[in-house]
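Accompanying notes for the structure given below.
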Amino acid sequence: MSDITLQAFLAQLTIGLIGGCFYAMLSMGLAIIFGLLNIINFTHGAQFMMAAFLAWIGLTQIGPWLGQPDLQVNFWLALVLAPALVAVFGMAVERTLLRRLYHLDHLYGLLLTFGVALVMEGGFRYAFGVSGQGYEPPEILQGPVDVGFMLLPKYRVFVVVASLLICLSTWYLFERTKLGAYLRAGTENPRLLQAFGINVPVMITLTYGFGVALAGIAGVLAAPIMQVTPLMGGSLLNIVFAVVVIGGLGSILGAMLTGLGLGLIEGLTKMVYPEASTVVVFVIMALALLLRPAGLFGREA
Amino acid sequence: MRSRVIGCALGLSLAALASGAVAADKVSDGVVKVGILNDLSGIYSDFTGRGSAVAAQIAIDEMGGMVLGAPVELVAADHQNKPDIAANLAREWFDQGRVDMIADFPTSSTALAVMEIARQKNRVTMLSAGVAMAAITDKCSPLSAQWMVNTYALAAGTAKALLKAGRKSWYFVTADYTFGHSLEKDAAAMVEAEGGKVLGVSRHPFPGGDFSSYMLKAQGTGAQVIALANAGNDTINAVKQAAEYGIGRSDKQVIAPLLTYITDVKSLGLAKAQDMYLTEAFYWDYDDRSRAFAEKYFARMKRMPSASQAAVYSAVLSYLKAIQAVGTDEAGAVMTQLRSMTIDDAVIRNGRLRADGALVHDLLLLQVKKPAESKRDWDFYHVKAVLKGDEVYPKPSDACPLNAKG
């Protein structure tokens, strides 16, 4: 492996960054939900998958279903609509099911969301099979762009820019605005916040919806890269959970930086010894738990 | 579905009574019962699943629903790709369900489990979807047949054909578990034996996710062939992401997935899959006979049959014909009859069942069409060559005791 050129190195690093963007978006959503609801959201992967499927349905299926073959929900619309729909679905689950579990141990929320995820995956599998569906990126983002050291598909450049924007604005919203302050106060002392006239239950529902919407955006962004299959979220989720644990449960900035960092590390591992590319994430998780049990960015309790 | 199958069976048994046929004592329990055991809901359900039961029913219908004056019945169940579930279902079918033969098994571990039970209970297994080499080597059984193909023949088929066409330098992208390793090992051995060279290997965790890193590395070596020793969604994602980076789009470098079904190509779409080389045991549009079968299948499923679904048809048809010829459904006698027949039907050509259970027959070397060349849905392949079974199947292995005698 001594023959790695600088060019190849940069190329692999870039690919790692793209993976890291997905980890960052997904783990931020998880961190937000855990931080404010104390729920370990195992439905996250299924919600990611659902958004990708909605985008695909919008692009290829909805026209024929409605008898109007020309009708299409394009990528840009899907990027807004699909996460919104998934968020509404998520909020319905929160209102009807999750809400009943807040006073119980974390484990119950975990089991419930895991069950919901299985039902969702099963439903999509039944309806659309398992081999999956292809989703074409919009025409303007097709083809490669020369970034100096490699030919990078335009769409991947777009993914990096879009997800960094989304991550940074989410961080800003939660850590630097008044709304964010309310949300954080809601986790510290919901009763006191309620006394100030804030409707805490609605706030919690909306927060869950927001976390789910982040998964949804990631899902739509992933549709042109990965085959859209019922299983696409499940396999990603394990790593994303590791990211959240390393970053510190509930830390939004931690989730984002860890996500990007692990993407890069994974990319480099793929170059040197691909067999270990998944394992390396969990090795880092084990080390982080040993050395800093609250996570790299977590506040020690 | 189940009620329809039962309804069918009921109708057939009534017909048998009405015709006054003496359901001969040649047939155990007065009925020949075929079981389809596969994945009805999971990751292998697209190329086996319900379609396999439909293919079996077509074969039964072609025999008039009867053999030796006894009705033929069909049952199907989901083994969920778990050997313990498969074993329990098989025991129940053999002990109480009067099932004489079980076919399909997309997961090889389920096949190996049921083969052993069937052997103890003197029943037949036919692996139409199970492709593991173990079934014809150290775990071989006199009452079992691997009806479609095995990993060696698939890998060797593609490798040999590409090497012959002068593509000598190879790079492997391999799923990092037993299946991927054995696929890679067989193909790499063929490459080296024919004077080719393996330039590198990337072994990726299973399941893979993002393959662009490996594909770029493979491209960078300048290998003439990027061989994918993986399957299903891993293969699909690797090909899809290679297309994104424009890899495999020139004649200098081609992508060759070593285990691909037509359902994978359907899922990828021709724009992404075009120009790939692959080997399959069956392609519906090969000739008039294969098309005739495929049209029957399409009328019921609204999809074209995968190679393994087609192999179920051939397996059931051959099994029933063997019973007809030998005059009993006793497992040993039927297997002996199958071994003495030349298998030649809509799906399997020039087939000969070996002592170790390998059905040696012609395979097809295929190249995926460009979108402009495809005239209709499912018109996916150019048939580049017919690979003679003797050239691509592995030699009988010493690990299988059945090979020692002959």
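Each Cβ is built from the backbone N, Cα and C atoms, and glycine gets one as well.
TrEMBL: automatically predicted annotations, no manual curation.
Features of the protein shown, as given by TrEMBL:
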- A:12-36: transmembrane segment (TRANSMEM)
- A:48-67: transmembrane segment (TRANSMEM)
- A:73-94: transmembrane segment (TRANSMEM)
- A:106-128: transmembrane segment (TRANSMEM)
- A:155-174: transmembrane segment (TRANSMEM)
- A:195-223: transmembrane segment (TRANSMEM)
- A:235-265: transmembrane segment (TRANSMEM)
- A:272-291: transmembrane segment (TRANSMEM)
At a threshold of under 8 Å on Cβ distances, which of A:48-67, A:155-174, A:195-223 pairs most often with the transmembrane segment (A:73-94)?
A:195-223
Top stretch among A:12-36, A:48-67, A:195-223, A:272-291 for CB pairs under 8 A with the transmembrane segment (A:235-265)?
A:12-36
Top partner of the transmembrane segment (A:48-67) among A:12-36, A:155-174, A:195-223, A:272-291 - counted as Cβ pairs under 8 Å:
A:195-223
